[in-house]
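Taken straight from Swiss-Prot:
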type: TRANSIT; residues: 1-52; note: transit peptide
type: DOMAIN; residues: 60-347; note: domain 'tr-type G'
type: BINDING; residues: 69-76, 145-149, 199-202; note: GTP binding site
Amino acid sequence: MFMRLKVLEMNSIRRQTLLRQFTNVYNVVSRSARLCSQAIPKRLFYSTGSRANSIPDALSRLRNIGISAHIDSGKTTFTERVLFYTGRIKDIHEVRGKDNVGAKMDSMELEREKGITIQSAATYCNWKRKQKDGDEQDYIINIIDTPGHIDFTIEVERALRVLDGAVLILCAVSGVQSQTITVDRQMRRYNVPRITFINKMDRMGANPWRAIEQLNAKLRIAAAAVQIPIGSEDNLEGVVDLIHMQSIYNRGKKGEKVEITGSIPEHLKELANEKRALLIETLANIDEEIGELYVMEETPSPEQLMSAIRSATLSRQFTPVFMGSALANIGVQPLLDAVCDYLPNPSDVTNTALDVNQGEKSVTLHTDYNEPLVALAFKLEDGRFGQLTYMRVYQGVLKRGNQITNVNSGKRIKVPRLVLLHSDEMEDVEEAPAGSICAMFGVDCASGDTFTDGSIKYVMSSMYVPEPVVSLSIKPKNKDSPNFSKALARFQREDPTFRVHIDKESNETIISGMGELHLEIYLERLAREYRTECITGKPRVAFRETITTKAPFSYLHKKQSGGAGQYAKVEGYIEYMEPKEDGNGRLVDHEFVNHVVGGAIPSQYIPACEKAFKECLERGFLTGHPIKNCRLVLEDGAAHSVDSSELAFRVALTHAFRQAFMAAKPIVLEPIMNVTVTAPVDDQGVVIGNLDKRKATIVNTDIGEEEFTLQAEVPLNSMFSYSSDIRSSTQGKGEFTMEFLKYLPAPGYVQKELIAEYEKQHK
């Protein structure tokens, strides 16, 4: 059995449809079970195909997918069509529509006002995939629509962490853009196969072949078209299916009627044959069966092509490319068919966890209803009924009312309420089995926590969380505002890239995030959701300090003032280290190494030394910014049988580290951003001149017919107010994205200014 949903409110037709889909097999078997008065073996719930007795039939028809792309490529518009064509919503509303309703997946008021996706949103829908024999097969598609702006990249990270496949959307005019490359990197990090949809084929300057070339060259993944457009720009009518060599048109007022004809327009036959041959040639380099047919100069059948595309897509060696225009209601239904045909079901994906009881040994999880529960909390939201925790169930079944264990905290909790999500709407369910995406209410946990039924102690690896690069001091206009701290605590809990701390010296509240827009959104949410207006300081750059050479240390801390004294001696050295990955794939930029032998420093004091080292890294001695890329090696020392203590060794190591740090030729590092600018060709000189003033290094320039795209490396310290500059210099037609790239030594004059300012504050 795959899923048995007991929907608490059976008013709506779609709930009844979903219930029928998941319980058809169950009801038959349950009736038999009652007649026989005995338990039914679980194997009766499984399909009798090639993978009989291994996966439920319904599980093979489940897809968990994400919609990802560069900003303004049409992700949310595409998702709106998917929901409409699958019957999930009754009408289409545009992202910036005149009716002011907004797209279903943009549920936040801010999202609808700004016309951008800020938070990922989850939903599910049913799609009837027509089979070769004319029958229809029902598929369940769980969808997460993600933001395209780099400032909200954590939403993409946590979505891809739990999804099985993805639809990568490209703009037919702009092709592969900066955030496309970022999303590709995230997909590779979590081994997510993808199919590609070239959107906006109705726009002037649309060039799908250029976009496919960029997929091959910039993303370094084999890509080939499985469709070609019928018409272009304003005359776009439909697509030619290169696998079956047939034409597909969207008819009806909103493209809801799909018309398939066996003929191809005469003027497109040559192009169709050319692109089909290229598709076969590309697959021949990946798939053995197609390769043999290619060598024998035999033509593969549509079934062989589809099998090869699925195999190559699942192995992440290939991405099939589809075309259309979501806004013009063209090409969306064929892509839904492709989601069913080429993207994996949960059992096609290998997921692993770490067995805590076996020294964190890697174990493979099984997408099986009967196995012990393993589920991951991947996102938190504060809702009207308490904390809403988004869950991906990898193994077993999550049931309302059952007791489950948070492996990370050790707490045993009861599942009070379980829901399926449709953007900001929810539908109660009794249970969610392996492969499901659902949400729990009223469970206190952190993002990344693993839950089991208590019989096993597995933890799943956490998602990658980038470090914030911009900070801002804030304070409420009304000092008595009770919601200020409450709001910041909530935002931190929901968003791992949003950080809050109190500056120890100025006592100011400092918020940190991924960019100016990221922080602006939270300030607006403070004002709207908590009615707390804030006064902000000047944006701060996340400078860092590091050392450039090795320096030894030897320090004796000795204090006697009556009673028990303090005694501790530490010796060793500090040195520069390159960042390295830990076991979870996260970069570590500091290291404490204990080389003390013979008990010169008793073992109970070593943790105090390590703690002091980490505390020193939090605030550097040049400018007060954190220290990175530093290794401390503790080699020797001395202790007193009476006067030594943890405090004494913490004090000794703190003084020793400061002396060694100042002797190791420390410098200040500044964050360098990868900036991509797209603007009209006529404004190229103005844009380059503006970036030159900001000390940019131009890395690449791609000039199109009407627009050019420029990639540059720019110090973050020089990028403030750039958004208003580019708007004014390009008459509002230019846009840019910015992503953290690396740290480099700051220019000498910048270092001197920062050091002088810090010394002035600490006189």
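Using the three backbone atoms N, Cα and C, a Cβ is placed for every residue, glycine included.
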Comparing the binding-site residues Lys75, His149, which residue's C-beta has the most other C-beta atoms within 10 angstroms in this structure?
Lys75
Where does Lys75 (GTP binding site) sit in DSSP terms: helix, strand, or coil?
helix
Provide the number of Cβ atoms within 10 Å of the Cβ of Ala69 (GTP binding site), excluding the reference atom itself.
27
All-chain count of other Cβ atoms within 10 Å of Met201 (GTP binding site):
27
So, in DSSP terms, is Ala69 (GTP binding site) helix, strand, or coil?
strand
